[in-house]
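Marked as topological domain 'Lumenal' by Swiss-Prot: 1-28. What Swiss-Prot lists as N-linked glycosylation site is Asn8, Asn18. Annotated transmembrane segment per Swiss-Prot: 29-51, in sequence order. Residues annotated as topological domain 'Cytoplasmic' in Swiss-Prot, with sequence analysis given as evidence: 52-175. Summarising the annotation, Swiss-Prot assigns Ca(2+) binding site to Glu120, Gln123 and lists sequence analysis as the type of evidence.
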Amino acid sequence: MDKFADLNYTLSVITLMNDTLHSIIQDPGMAYFPYIASVLTVLFTLHKASIPTMKIALKTSKCSYKVIKCCIVTIINTLLKLAGYKEQVTTKDEIEQQMDRIVKEMRRQLEMIDKLTTREIEQVELLKRIHDNLIIKPVDVIDMSKEFNQKNIKTLDEWESGKNPYEPLEVTASM
């Protein structure tokens with residue numbers, strides 16, 4: 001376990017890999033050498049990082065299958081990103097989580113639509129009642145008996161003495 005965390009050991013392994021590649025490939029001007037070295041470096045780093053992580057995870061976890069599956073999916077996704085692909089590998093658990101999230105969002109939107117349509121129906125009913133109250137109903141004969149200013153009006157025949165009490169009798173002028 002000490003060798004896994006030892007930086008000198010890691011650097012010496014990388015140097016050994018580079019020396020081996022240089023000895024195998026005699027032509028130093030080869031165009032693919034940097035790419036091969038990069039891929040081997042990434043693979044070596046993944047190897048060094050994943051083995052201790054897997055050992056610790058398997059010892060501490062109760063469900064080793066899920067841990068292994070998660071580690072493999074992560075490694076494959078890393079390799080796909082390094083290769084330039086934008087697609088990712090997903091597990092069934094992730095797909096189910098995304099589907100649950102989508103279904104919850106759809107339910108929330110349906111509830112919102114239901115609330116909005118209920119409010120709109122209530123508003124339309126209220127507007128109809130207001131419209132019905134505001135409609136002018138035509139009346140053929142106007143009944144003026146209920147008007148307050150028409151109650152005490154008397155005709156000439158109804159007056160006691162037969163003459164208009166509001167007409168002045170004499171005209172007097174002040175001097």
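Placement of Cβ uses the backbone N, Cα and C atoms for every residue, glycine included.
For the pair Asn18 (N-linked glycosylation site) and Glu120 (Ca(2+) binding site), the Cα-Cα distance reads 74 Å.
Per-site Cβ counts within 10 Å over the recorded positions Asn18, Gln123 peak at Asn18. A simple way to gauge crowding: the CB of Glu120 (Ca(2+) binding site) has 10 other CB atoms within 10 angstroms, across all the protein chains here.
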